Structures are given as structure tokens and as C-alpha cells.
Ligand code: DMJ
């Protein structure tokens, strides 16, 4: 049958019944293939296809089934959520192979990380029933009275961030209340001689400490530097200035310190106020500190000049000392250790492509195009890191030495744990350039996820992306629902869904509104 012919036939049936007809579904989940003529389960909702199809009518999905956000919500998010609900409801994460709950010690005994992390994704994807059940769980069961150490950073970005977004999107008071309650529990972490918070906090006793492995008892840049957006909003929503004061103090401490070559080391001692080991990274341990400088400026409606200056100065130093081009022409961001470069780039570092592009607008006028170009180059390098694997999913870290480019060489760097950063960069690059290759690359990731990570009981990470068979790690990370799937959905949606003029995404992809100065937020922005 001619494609148009089939499309028309499906349109007619689809419009008539309001549902896809079994036998016509274009996607076969088990086989991970896209075949318009293959039988499927036919559970896609017609309205969604009508609403989002690029051609404008239902048949658009068949003729142009790529890049459809409905696929991400109806096939992917639903599968991830339904299985979490079935096998791990109320626990932090799902083990999709063993079909049971998984709890990382990052959250102490706080439970429900997947529920709180997924709230806004469910809302944005219009999964109303699921959002309702998640909200009911938060109302009845989300409990912070635990006697255990939690990671201040992880709890902030996932729980506080998730609750704040859920509140701003839905207006439901319970989320505001819970976010403020949790924010208050985190405040004792700042009781250090400098006010630089501890990494870990017992939220019952209020006693804090640092990771035993962190250079000389230091706090971590990416951890204490990734509280700003949420804490400013906590002050905004509670009327209590203490949250914003705490994070503004971190800024002051950092501004007083000398920086080696203008770079920020990853370790800072909260007692002495001195840098620890001079290790600089735009990936793990450093990453979201830079992200939050830029986003603090954007979230303040571009009034937080301090954050702006810190961001562009930092990018300048990163360009001079860390960014390099391989002989094969790939731009990458190396790690800096006391002046020596390690020519390795982490999957986490790939978020920086989106960051550079997002910040291009505010860069000194002769640099705007350059920052976009830098974002595009990082996106290309990270895409190569995916493309050069068997599974077309990127490794945890890839190297540019020993005769390789954008390839993991060490066994313990070959895994993929459903991380979002590369897709995040595609989403920013798409919105800011509309170059169709970013949607194509995003769709490649969808196909690879469906083929290799989708299992009966949800989605699982992979231990080695360079071999032929899947060795699953049996964890469905909560950030797969909050970030990876949300960024895919946004990548294939119109730009007016959570437009950048009004929203910034926290580092866990939870959207927070820009505090527009015309709306009486002048004070917040200047605190
Ligand atoms: C997320 O929890 C956040 O994006 C964080 O900033 C870094 N890594 C994970 C996902 O990879």
C-alpha cells in the first residue's frame, strides 16, 4: 500500500475512534523497530498525535513519525513510570531486571526519589492520572523525618528542585509546603566557619560532614555551587530571606579567593576557606557550578551582574586552559590537574555544549557567534562519542590520547547509565539554532535506548556500550525520568513549551520560572 494511502486510512480510523487501531501502530516495542506496517499495541492516543504531529494531522505521525514527542511520552515515559509503579512504588528507584526497588545512600532514608523527580515530567507530558497519583503519594507519604546522612546536593537538585517545579507548574500548595520544609532541614549544612556547606548532612541531628575521599576534608564545587537557583526560589516562596542569604554568601567566599589561572578548583575546605587539590573539571565535581552561574543570571531576569561576570570570566579561563581540538578536528574539554591536562572528557561534561549556546546571547558582543559555535562543536564531539560505540550510546568518559578520539579506553569508563547530558545539549542546540541535525541525533538516541536499554521491567543502564550484547546494570535512574526523557520530549516539541524567556532548568531539568523584575522581584534579584 502506498504510504499516503495508508496514512489517509489511518487518519480516518483514528479520527473516527479517537485511538490508534491495533495493527496500525507504527512502532514495535519488542523489536525496537519502526515499521508502519507492523502490528503494535495500538494504545497511542489520537489527540496527542493530532496536537504534535509536524504535518498537522494524524497521518503526520506515520509520514513523519520521527521526532514525535508523543512517542517519548506514550511509549517511553509510560513504560518507565508504569514499571516503577508496579515494582518499586514509594522506593527511590527501580531495578528493572530484578523488578524490585533500589535505594542509593545519596538520599539517606528519604524515599520516593523517582516520584518527586518525575512529577514535572508527568505534568508537562500531560499524563494527568499519573501526576495525580504522584501528588497523592507526596501528600501522604513523602517524609523528611529521617535519621541519616543525605547528600545536600542530590536532595536539593532532585527533591527541592522537583517539588518547586511541580508547584510552579501545577499551583498545588502541597509542593510549595514540602519544598520549604525540606529546604529548612538542609539549612544546618551551612553551619561551617566559612558558610560553605557540608556535602553530607544528618537531617535529624543537623550534623554535617564531608566525603571522606574529598581532598583534605573539602567540600565539592559542583555540590555547594549548585544550590543557588533552588534557594533563591525558596526565599521567594517562603518570604524567608535566609535561603538566599546562604547561597549569596557562597558567592562572596568564592569572589574573595585567588583562582589559579582564573580557574575554580573542584575542592574547597569549608573550615579554612582554602582550595584543596588543584583539579579543575567541567564534568564531574565541577560541572553544575558553572551552569548555575549562568542560570542565576538568567533567572534573575539578567539583573544578577555578579553571576554574569563570574560566568563569562570562568568561560574565558576554560577556553584558554581546558578547551582543545583533536588532530581529527574534534573540540573537547580536558581536565586540568595542577597545570597539566588530562585529555579526557566525561559524559557529564557534554552538558556544556548546551550551556555555551544558552549563554551566547549575553556574551560580549563579538563573542556571541563564537559561544554558539563552541556549543555546536561540543555537541558534535559528544555525538561522535555515541556514534563510535556499538550501541550508539555514549560512554561515561572518552579520551583523546593514545591514538584514539572520543572513545573510552578504560573498561571502567565504558558504561552508560541513562544519563541526559548529550540529549540536553541537543535540546538547547535545537532551540537556539533549529538545525535539524539535533533532532536527528536525538532520534538516534531514542532508537538506541529502545533497542538496548528498554527491558520488560523498565529501562536499564548498560555496562559496556562497545560490545554486541547488552550487559544491563539493572538500575533505572530517577534522572532518566526527570531529565533524559524530558529533554527528548522538549527536543521534539514546539519552542513555546517552557520557553527560555520564562523558564530556566535546574541541573536535574526541573524548570523554575525567571523572576521577572517587572513582577516585583527586584529585591530577590538583588539579594
Ligand atoms: C544529574 O543528577 C544532574 O544532571 C547532575 O547535575 C549531574 N548528573 C546527573 C545525571 O547524569
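Placed from the backbone N, Cα and C atoms, the Cβ positions cover glycine too.
In the three-state DSSP reading, residue 154 (active site, proton donor) counts as helix. What TrEMBL records for 154 (among others) is active site, proton donor.
Residues or ranges marked as active site by TrEMBL: 287 (among others). Taking the Cβ of residue 287 (active site) as centre and 10 Å as the limit, one finds 25 other Cβ atoms among all the protein chains shown.
Taken from TrEMBL, the feature disulfide bond covers 350-382. Sequence-distant contacts of residue 350 (disulfide bond), defined as residues of its own chain at least six apart whose C-beta falls under 8 angstroms from its C-beta, comprise 378, 379, 382, 385, 394, 421, 422, 424, 425.
For 396 (among others), the entry in TrEMBL reads active site, proton donor. A C-beta separation below 8 Å, combined with a sequence spacing of at least six in one chain, links residue 396 (active site, proton donor) to 346, 347, 408, 413, 414, 415, 416, 417, 419.
Taken from TrEMBL, the feature active site covers 421 (among others).
For 507, the entry in TrEMBL reads Ca(2+) binding site. Under the DSSP three-state reduction, residue 507 (Ca(2+) binding site) is assigned to coil, being neither helix nor strand. Take the CB of residue 507 (Ca(2+) binding site) and look out to 10 A: across all protein chains shown you find 24 other CB atoms.
Counting only the Cα atoms, the space from residue 287 (active site) to residue 154 (active site, proton donor) is about 14 angstrom. If you take the C-beta of residue 154 (active site, proton donor) and look for same-chain residues 6 or more apart in sequence within under 8 angstroms, you find 106, 107. Among the recorded positions listed (154, 350, 382, 396), none has a CB atom closer than 6 Å to any atom of ligand 1.
Neighbour counts of Cβ atoms within 10 Å were compared across the recorded positions 382, 421; the minimum falls on 421. Mapped onto three states, the DSSP output places residue 382 (disulfide bond) in helix.
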